[in-house]
Amino acid sequence: MSPQPGSTMSSQLDRPAKFGRVAAEADDDPASVEDALLRMKTNRLLEYNQPVYIAPMAKPNLQALDNSALPLMNMVREFLAGNGQVLLILGDSGAGKSTFNRHLENKLWTNYEVGGRIPLFINLPAHKQPDEDLVAKQLRTVDFSERHIWDLKQCRQLLLICDGYDESQLTSNLHTTNLFNRPGQWNVKLIITCRTQYLGPDYRDRFAPKASGQYHRTAYNLFQEAVIAPFSKEQIELYVEKFVPLIPRTWVKKDYMDKLAAIPNLMDLVRNPFLLILALEALPSVVKNNTSLSNLRVTRVELYDTFVHHWLEANKRRLQEQTFKDDKHEALEDLLADGFVHHGIVFQKKLAWAIFQQQEGRPVVEYSNKRDKSSWKASFFGPKTERSLLRDASLLSRTGNQYRFIHRSVLEYFFSCFVWDTSRDDDEFAPHVYSEATGVSLPITDHPLSKRSLVPEPSVIQFLAERVQMQPIFKQYLLALIELSKSDPLASMAASNAITILVRAGRHFNGADLRGIRIPGANLTGGQFDSAQFQDSDLTGIYFAKAWIRQADFTRARMEETRFGELPSLQEAWAVESCTFSPDGRSFATGLKNGNINIYDTTTWTRIRLFHGHETAVQSLAYSTTGLPLLSYCSDGTLRLWDGEIDRTYRILRGYSWKVTAVAFSPSGMQFASASDDMSVSLWDTQTGTVTFVIEDFGDVTGIAYSPDGNNIVSCCMDGQVGVFDTRTGLLVQGSGTSDVSYRCLGYSPNGQSIVSGEVTGELQLWEATTMIPRIKWRGHSRPVTSVAFSPNGQWIVSGSGDKTVKVWGGDSPTLVSVFTGHTHGITCVAFSPDSSLIASGSKDQTVRLWEANSAGFDLDVDGAFDSKPSVAYSPDGRFLISGSRAGAIQQHDTESGEIGLVIRRQEVRANSIAYSWGQIAMGGSGGDVTLWSAYTGALEHTLGGHTEDVRAVAFSPCGRWIASSDDLTVRLWDPRSGTSIQVFSCGRVDFRSLSFSSSGAEVALGGNFGTMQVWDVATGKCKKLWVEASFSFVRYLPWSLQAVSCHGGKGVCLWDEDGRDYRVILQHSHIAFQHFAFSSCGQWIASVEDDTVHLWRSPLEVRTQNWDYVLAVEGCLGKIKEIVWRPYKLEFATADMYGSTRAWKVVEESGRVLVRLVWGTGGGGGLAVSGSLFDDAIGLNTINRNLLKQRGAILTKSL
């Protein structure tokens, strides 16, 4: 098609050339090579058209931070001027890799001089076998003769700009397979672009050249890489500035920038250049008639929907303005009469489906009318007039006889549209269930979801998951497919895809009847299946990482090759102080508090050796790169080198007065280092056991690590210093200087360019290794960071902390990828396996947990995953539940489904407490303000100022007339309608966390620390009752009385009478430290919280004077619970935890037993929950999985 004049999309998206090509010479023409090159240069310059181009920034590697990015063009210039042979340019889908490549080619051709290096742009997906004879194949496509090709090969140097390595689905090394830069072969420099998501852990070997004369050895010194950074706000603003004047618009630059900033998460979304283009085209339609942009949630699929319609409408108008001959005019009129936009969408979604079906998603379609007139391609690229019109109006680009969608994500979008047709018209494959009325059933084998597994296509899964959230009917169709699989084995593939999509969309299956379903290969990461029935199901190859399958029944289920995202914990007899993998990954060592060292075989995870010798805790372990020896130190002041082959120490280094604090082996294994509390680091010769250097006067060293090349060693200290030293001279290379920070641990990135350190405050810091300039710092944990490490592939950073959590971060940013929970005591050590596939974490709870690293991130909730939620509250009628987060966000959930409706964000304050009244939501936050919001629109109604410290608690009166709020000094009473202050109660310096109004609203009761309980008269502002007992207290008015409880270290928990004069010990578990209490509205139940466990107590309604009975504990909630509340008029309660999860629970009685079942949950999950699940006669569970399930509290009687 020919886009509208000035259309930014036509400039951005590789449209067909509008100019005729310079005629090619015949193969026997005597023209020189330079004549042929001039012809190619002229054609390429004519074809280039890019009205809006923003120069991309790039980082030197995946681990580098965005703020360290440099202009990509400068990095290319350095590559061209240097000795490097391959430059790999990485970037996310839509990052602008192809745009940059074409711009680079244009610049190089513009500056080309006779005899100079020749730029050759190669679209890799356009070649069937680009791993052989690539240059000659490309030159033939632009009409070079064989003689010219031979001349160029012998005499000239080329710059190959190879675009779309990932889209061509290559795995081979193009430099190696094409024999580049070998004698008699092509002399080239090679630039290759590839999507970051396509790469595995050892991706460099796919691109780095082999050493000259040593083809078995990789020459990493000839390989460079660059990673395109997302757009900065300044780049976005510059793009908008250039975008606006391209065509007449009603919006100006400020309109676009204001909307991008106002819509939550949109500014982050459009840091991707391609999504920015879509957003700018779609925004006017998206925000139309929406007055509250802060509550407008825009998804990626909505942007694509709006843009596609905008594109087709614009091209419809363009075609209507043109004059056609009779047959073409008639065809256009027919399309217009029947819905041009609709036919355009149908054409493109069928093409996308055919590309996936016929050529496994390879995006380039090569069409010859003679050769392919009888193939599937003719249905889209044949000469028929109607097809020609639709093709011309579609989001396709053309180069010669090759067609492709303008972007990979557009192909994936239309493929998802074929799976679910939003119009529901002309869709022969709609997943209709069997109808008795018509007698017609679904031809399931022809269903799109039956043709291929979508699990390897995460982008398609995400499009469809967003579609589920937008269109509930799609959810019902997917559920019907799952149900169909129970009776029809042919529905298994469709059902597997369906449940994968639903889980990704956040659909809960708690209590679901899934007996007999067939879903082999589904990815159920993060799914919720509490109390679900899986009996007799086919779960072969299922991925259950971080799934909630507590109390589920898997009797007789097929579970061959099922994975759970974790391995069984290693149970030790003493606290685990240190751990490490051997360099080959075949062994794993743990250092224990009693001085023992255990060695495990990582194939079976059984202990194969036990080393005795140390008398106290083994605080650090390190393997030599050769696997032998193993180095250990302990608090008794000794270093030991162990020979693993003969199970004994072969060298003991002792006799020093100082305490060793850390050890590390050099990459060569010829040297090791030890740090001590006498402010020194000693470098030792491994062979002789003698000290070669002592680095002194540096502080109380707590951590050391070698650089990957072994030339430097970095150390950190409790006095705030981080320094890099030369291992050959012992001299300081770079130092951070002293500060008030206390560092506990550190690690070197595998490329040697970054250092990460962990602090006593729970913060992490990334440093530039060569300069020791601090790059970025973030709060990672609530307790000290005790261990930190880079993954060997550089993709992640893992940190462990005294807060009992293991967290995974992006390798170059503070982006939280995943949280692993399950340890019951603080983390002491973390380690990656050599292939980066496993994370090990040791703890004082005497266990080592083993996590699959590839499960990180799949279950993340983009709306505040792992953001601590300290408060939840029900609406007075129980229809809604609101949750408040530390990031200042409030989410309103439907109580029955958990679906999020209203979202309120105020990111400048933390939401410490929230309350819900009739039509209003109150948030008490940091800074001393109470904010009142409309429960219907989310609009801010009042800001109540007056508190001098953070507001800890808020509560509405039952009638909604008053609201009370407290900080550490006062309780204030407000009129929520006017926002005026009514009363101020001076309560002393008590941290009141519990507020409750009487049913009449005449009294307000307070409960806080130091066991203080008070009752105040609202009208007079006087304290009517005061009593102090125990460590802390909670209060709650019921319709008939005030209920107050206090926690006593020696007595347990006491229930007080209304006058505060007498109490009864009701909860006698004095060993339990309760942090939160909640009374049910009927007064019969108490829910109490102990860390991540909920304890339930019950008292008969008719005899309230009796002691309460302990009923059960809800264990394994996978995160410390910050708040618990009961739903009004129901035996249901909700919890909020430190990882951002909000969960709703139901108390039920079955056969005389009380059970608690999960209704729904949102937010990030920290691990696998399987307690109480039944695996009786489960088929195919391997030994490792059986051991894991037993450890987590599952019931396994036998398996087949």
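Glycine is no exception: its Cβ is also placed from the backbone N, Cα and C atoms.
In TrEMBL, annotation is done automatically, which means it is predicted and not curated.
Positions annotated as compositional bias 'Polar residues' by TrEMBL: 1-13.
The domain 'NACHT' feature in TrEMBL is assigned to 86-244.
Summarising the annotation, TrEMBL assigns region 'Disordered' to 1-28.
According to TrEMBL, the repeat 'WD' annotation covers 611-643 (among others). Looking only at the repeat 'WD' (611-643), the predicted model's pLDDT averages out at 84.
Feature annotation from TrEMBL assigns repeat 'WD' to 653-694 (among others).
Sequence-distant contacts of the repeat 'WD' (778-809) (same chain, six or more residues past either end, CB-CB distance under 8 Å): 61-63, 201-202, 744-751, 754, 756-764, 815-821, 823-832, 834-836, 839, 841, 843, 849, 851, 853, 856-857, 1120, 1138-1139, 1166. According to TrEMBL, the feature repeat 'WD' maps to 778-809 (among others).
As annotated by TrEMBL, repeat 'WD' applies to 820-855 (among others). A Cβ distance under 8 Å defines the sequence-distant neighbours of the repeat 'WD' (820-855), meaning residues of its chain 6+ beyond its ends; these are 201, 525, 543, 545-546, 563, 565-585, 588, 590, 602, 605, 783, 786-793, 795-796, 798-808, 1092, 1118-1119, 1139, 1166-1167.
If one looks beyond the repeat 'WD' (944-984) by at least 6 residues along the same chain, the residues whose Cβ comes under 8 Å of a Cβ in the stretch are 876, 910, 912-920, 922-932, 990-997, 999-1001, 1004, 1006, 1016, 1018, 1021. The repeat 'WD' feature in TrEMBL is assigned to 944-984 (among others).
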Q: Grab the same-chain neighbours of the repeat 'WD' (611-643) for me: Cβ-Cβ under 8 Å, and only residues 6 or more beyond its ends, written as numbers and ranges.
A: 575, 577-584, 587, 589-599, 649-654, 656-669, 672, 674, 686, 689
